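Listed in TrEMBL:
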- 69-192: domain 'EXPERA' (DOMAIN)
- 223-362: domain 'EXPERA' (DOMAIN)
- 40-61: transmembrane segment (TRANSMEM)
- 73-91: transmembrane segment (TRANSMEM)
- 120-141: transmembrane segment (TRANSMEM)
- 148-172: transmembrane segment (TRANSMEM)
- 178-196: transmembrane segment (TRANSMEM)
- 225-248: transmembrane segment (TRANSMEM)
- 275-294: transmembrane segment (TRANSMEM)
- 306-326: transmembrane segment (TRANSMEM)
- 346-366: transmembrane segment (TRANSMEM)
Amino acid sequence: MALSAMRNMDFKPTVQVLLGSLLAFPLTYCLNKTTAMGDHRLILLAGVITLFSFVMIAYTFFRKHRLNNEPLFYAWSLFAFTSCVDLIIGLELDGHISGFMEFYFKEGEPYLRTAHGTMINWWDGTGQFAMYLILITLLANRRRCHEVCLYWVGSIGNSMIVLLLGGATGTFKVRGSYFLNIPYVVIPIWAGVRCLRQSNKTRSQQRLICKSGYELSLLNRPWDFVFIVLFVLAIAFSLFRGVVALGLDHDYVKAYLKNYEPYLNDPNMFSKIQMVTYLFYFVPYYVSAIYSLVNPGETWMSDWAILNAGAAAQSQVVHIFASFHWRTVASGFGSPTDVFNSPGQVFWYTNLLLLVVPQLFAWRCYTDQEFFFSVYDGSITSDRSGRVKYADVATFSEVTTKKNSTMTNLVDGVVTSTTQVEGRVTRSMKKMS
């Protein structure tokens, strides 16, 4: 089924965007050889011209395509190109290549020459680059890309929060190129709002039919009970690391910073900003996730679970690898990663908890979305495994089918009654005659 569906898909736009993104290699190499790139104002100008030119090139190639009026198509094409630039940055920062982006480290965004800056470029050049190609493929073939879009919004949203705040409050000066990140803030917000509004519109149509809610004991949902316990642990650990990042003066805090996560003492501020982000954004989400599991029928949970999964993937992958990156180790803030001792085990268990649980919960929401819908005039039972069994109509399509069937029966009844009345009238007239 999947292979046959892929054979019918049009990959031409995806291949064109992929090949266009590879232009980043000769372009950055030529810019690095230009002496004018020693001025940060000219770097800003070159960045603006490059972004605008790539959008125009994409429009030239795709203006006859059926999606030529879809703004996100051009936005994701542009972001795929800049993801390739970020991959070049990651490769050069780790010493795999040279002579491409040295000018940008000096006069553009010098805070990228850190462990966090390196890993954030690796993530954008690999994980998010793959998301852009998937989104372009789905959009070009008129396939549903709602979930992938929300996952991307969460990923790039967390990335921008930490990068921009860390770059502005750290030890580096803010240059003009800092403002080249504005499209990566504005467009994801717009795309996320657009996805959520579309979901709200669909739910508002469903609520016209799905009127009553339902309750189901947690005793019949053991995996949901496990999720609640894991979310409680995530809340506790996120609160603790949040107050650690805010500088709580306590012996336990000092011991944790010294033995378990010394990376939180990094003066570049990226790790602290990430922990504060967990404190003020992730913790409220964990609380709402618990609420949605205790009170089934919260229709907004599925979208926010996918969005948070993207943010958690980006934040934890970057944080984990930055914690033992060679730049962090060289500065004396490397975290213990040996799984055979206690500090290393604490580091891996806690950070993998914050990485894996949101992904599993997003998958749980995606594969059983009816759990977060309200039920129409029906009860609900569960079998021995705890899987929900709907005793009555639970989805919009089923309700619509039931209504159509009822209407058909009603029309048939009216037609039959009319025929019977006509027959009686005819017989009466014959008797009178």
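Glycine too: its Cβ is placed from the backbone N, Cα and C atoms.
The stretch in 40-61, 148-172, 178-196, 225-248, 275-294 that contributes the largest number of Cβ pairs under 8 Å to the transmembrane segment (73-91) is 40-61. If one looks beyond the transmembrane segment (120-141) by at least 6 residues along the same chain, the residues whose Cβ comes under 8 Å of a Cβ in the stretch are 9-14, 17-18, 21, 65, 67, 70, 72-73, 76-77, 79-80, 82-84, 86-90, 93, 112, 148-149, 151-152, 155-156, 159, 162-163, 313-314, 317-318, 321.
Within its own chain, the transmembrane segment (148-172) is flanked in space by residues 72, 109-111, 116-117, 120, 123-124, 127-128, 131-132, 134-135, 138, 178, 181, 184-185, 188-189, 191-192, 195, 267-270, 272-274, 277, 281, 303, 306-315, 318, 362, which lie at least six positions past its ends and keep a Cβ under 8 Å from the stretch. Contact between the transmembrane segment (225-248) and the transmembrane segment (275-294) is supported by 3 or more Cβ pairs under 8 Å, counting only residues 6 or more apart in sequence. Helix first, then strand, then coil: DSSP counts for the domain 'EXPERA' (69-192) stand at 98 helix, 0 strand, 26 coil.
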